[in-house]
Amino acid sequence: MEDLQTQMKEAVAKAAIEQIHDGMVLGLGSGSTAALMIKALGAKISSGHLKDIVGVTTSFQGEVLATELGIPLQGLSAVSQIDLAIDGADEVDSNFQLIKGGGACHVQEKLVASLAERFVVVVDSSKIVKTLNLTFKLPVEVLPSAWQLVKNKIHEIGGVSQLRMAQKKAGPIVTDQGNLVLDVTFAGGINDPQTLEKQINNIPGVLENGLFVNLADEVLVGEIVSGTPGVKSLQKI
């Protein structure tokens, strides 16, 4: 029997698919919930229920999965606009600000989200938080030659950084762009995401950080109500 978290993720992935229509250019996110959405999309396309779909992936992992499922893909540079991007998040606060980058894909994810006419975030209820960064560390992608410099600069603004290490190889995680990732914690969490996003990105050697500010249009939240998985839609007023 599936655990409750998996049931929530499956419910929210299916709800997201209902927003997809024929002829759309789609941003296909990364992570476990987004992977369930991509699988559901592949099933809709193969059954003929969705036609003329083009996907733009946010990670190599997503590209491999979409290709295996027969979803037509284009590179980011080949599209001028994305109709709808669907992606997960590691944390979401009440103002729709996000932390992403648990899979070290946040650079491509932010590019796709910023190009999308509509950006829908799919999460289970455990990802909804009052304050960002109290539980999940903020990923910052850095040039390999600059990681120590960036770590010191982040320390000057109150952050404690750790170089993200790989689990199945000796050494650090290397992103799809060939860079390294610092995972950063701020005491008391992040109370002003908009200012901090710019502040970190202004440090020389930083490519991008995992704060997604004012990008999400809707958050679909998988939840369990009376033992049954369901989905709650949160939209900006």
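Using the three backbone atoms N, Cα and C, a Cβ is placed for every residue, glycine included.
Keep in mind that what you see is a predicted model, and the values were worked out from it rather than measured.
Site annotation for substrate in Swiss-Prot covers S30, G31, S32, T33, D87, G88, A89, D90, K100, G101, G102, G103, and the matching candidate from K14, K44, K51, K127 is K127. Same-chain neighbours of the substrate site beyond S30, G31, S32, T33, D87, G88, A89, D90, K100, G101, G102, G103, K127, judged by a C-beta within 8 angstroms of the site's C-beta center, are, in sequence order, G29, A34, E109, V123.
Remark: of the binding-site residues S30, S32, the most isolated position is S32 (fewest other Cβ atoms within 10 Å of its Cβ). A C-beta separation below 8 Å, combined with a sequence spacing of at least six in one chain, links K127 (substrate binding site) to G88, A89, D90, E91, V92, V221. Cα of S30 (substrate binding site) to Cα of E109 (active site, proton acceptor): a distance of 8 Å. Put simply, E109 (active site, proton acceptor) is 8 Å from D87 (substrate binding site) when counted between their Cα atoms.
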